[in-house]
Amino acid sequence: MAGIRDVTRNAYLRIRGRLPLEPPEPSPLLLSTYTGHSSWIFSIAFFPDSKHVVSSSIDGTVRVWSLTEGHAPSPLPLSTYTGHSYSLWSIAFLQDSKHIVSGSLDGSMRVWSLTEDHKVGDAIEIGSEVWAVAASEDGKLLASGGEDGRVIVWDAKSHERVVEGKERHSDAVNSLSFSSDSKRVASASYDQSVIIWSTTTGERLAGPFTRHTDWVYCVAFSPDAGRLATCDMNDIYIWYSHTAELALPPIETTANDYGGARSLSWTPGGNQIIAGCTDHSIQIFDASNGTQVARWNAHTLSIWSIAISRDGKYITSGSFDKTVKLWDPTTHQQIGHTLQHDGEVNSVCISPDAKYIASAGRDKKVSLWKPSLLPQLATYTGHNGSIWSIAFLQDNKHVVSGSDDGTVRVWSLTQGGEVGEAIKVGSGVLAVAASEDGKLLASGGVDGKVMVWDAKSHEKVVEGKEKHSYRVNSLSFSRDSKRVASASHDQSVIVWSTSTGEQL
């Protein structure tokens, strides 16, 4: 099997994961399936209102899905936003729940309005493939990361660069996460490291976190920003975000030979970690001791993105099987119908007010769904590449997405389109995150850099003064927004100051 795994890994280097040889038996928990993307889905996230999920796909679209309304066998999105010219890898909601940011392999990041049904402002041109985007909790900042290893923070309103990490990862940034205070953004990279950056200075505040032995796929700040969760193809790590020390021994997922967790999400209380895995399962772990408390088969192919609503009522998952699904975290039963994409789903997220879901992926579109309707609410297009990461801003009105097109984009849920110019990160963005104060976004990607952006102006706030030696896979802001953690393929996690870009 080792030979097969090596071939698979090389063949799917660009999609950052291994695919199983054959799907599992259908799960008895599956209630319905939703379709819409035309290619792989790489990222998903819940709206803060717990009623919507956003997904991004290699098909280049971000889609928002409704969780609770409508009962069609294959619900259609409420809205579809197009504009990216290539697959979308990442999306995120802004905190107003009216805008979505998306990142694409076309090198741009776009902001979409849910209310006006179009993109807000011009695309933010990153300059390289955008693999990750994030939106700060204060709604003011966006972050992008991607192929060139940089993490850039943008103003969410003006789309001006706030700051760029003063260093960069040595490989692509896969994931971004803002701290709750929007002052830090974490980036995860293919260089096997995670770094936390200041969103104001671009200095590295913490890290690199370097215990990983493979590409780091995801990074997520805990709700109180005191801990950082990261994952590679083998294990899940929980760190103290200020010291870069492990809080627990590595947690082994019960996955198959093709890898472990691909996406992580903390429950609202910070007591558990939810993992979307390459063996098609969702797994839940006790964050205090690493014990697995639940596991169920959720999809027929690898799960590339997972998120939980802020009220803890919904889990959403996005998969290579081109679907987005909603789950009850207690019963593990699917909620409503399956949401169908036209391609693989790379990213999903839920708006802060939990009223919307957004999704994106290989179909180059951002799709908006309303849980109360269950069909897709909207699809946002603008990225020219796959979207690797998405995140909601705290205003419940915006989503940020990152793509391997090298851009981070912010999307408005109320205006129905992209907000401002796309944030041009300069390399593929694999991870984005939004700070809890809504002021900052973080990006990370293929170049190993973590950048923090002003969520309003899209200007760079700061860039990590160093960078991961490989791609950034995941980012997470601390709750106070002062730190951002990054997880990388360089096997490290780094916590950065969002004001200075220094490692913390």
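Backbone N, Cα and C define each Cβ position, glycine as well.
Pulled from TrEMBL:
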REPEAT    34-75  repeat 'WD'
REPEAT    81-122  repeat 'WD'
REPEAT    130-164  repeat 'WD'
REPEAT    166-207  repeat 'WD'
REPEAT    296-337  repeat 'WD'
REPEAT    338-370  repeat 'WD'
REPEAT    380-421  repeat 'WD'
REPEAT    429-463  repeat 'WD'
REPEAT    465-504  repeat 'WD'
* At least three Cβ pairs under 8 Å linking the repeat 'WD' (465-504) and the repeat 'WD' (166-207), pairs spaced 6 or more in sequence? -> yes
* **the repeat 'WD' (81-122) vs the repeat 'WD' (429-463): 3 or more CB pairs under 8 Å** => yes
* **Residues from the same chain, set at least six apart from the ends of the repeat 'WD' (166-207), whose C-beta lies under 8 A from its own** => 16, 90, 129, 131-138, 140-141, 143-151, 153, 213-221, 223-225, 228, 230, 232, 239, 241-244, 388-389, 391, 402, 427-453, 460-504
* Leading contact stretch, 130-164, 296-337, 338-370, 380-421 vs the repeat 'WD' (429-463) - CB distance under 8 Å -> 130-164
* To do: State the non-local partners of the repeat 'WD' (380-421) in its own chain: residues 6+ outside its ends, Cβ under 8 Å from one of its Cβ atoms.
  => 14-16, 39-40, 42-49, 54-64, 79-139, 142-148, 152, 154, 156-160, 174-176, 178, 305, 346-353, 355-356, 358-362, 364-368, 427-438, 441, 443, 445-446, 453, 455, 457-458, 474-475
* Calculate the per-residue pLDDT averaged over the repeat 'WD' (380-421) and state the result as an integer. => 85
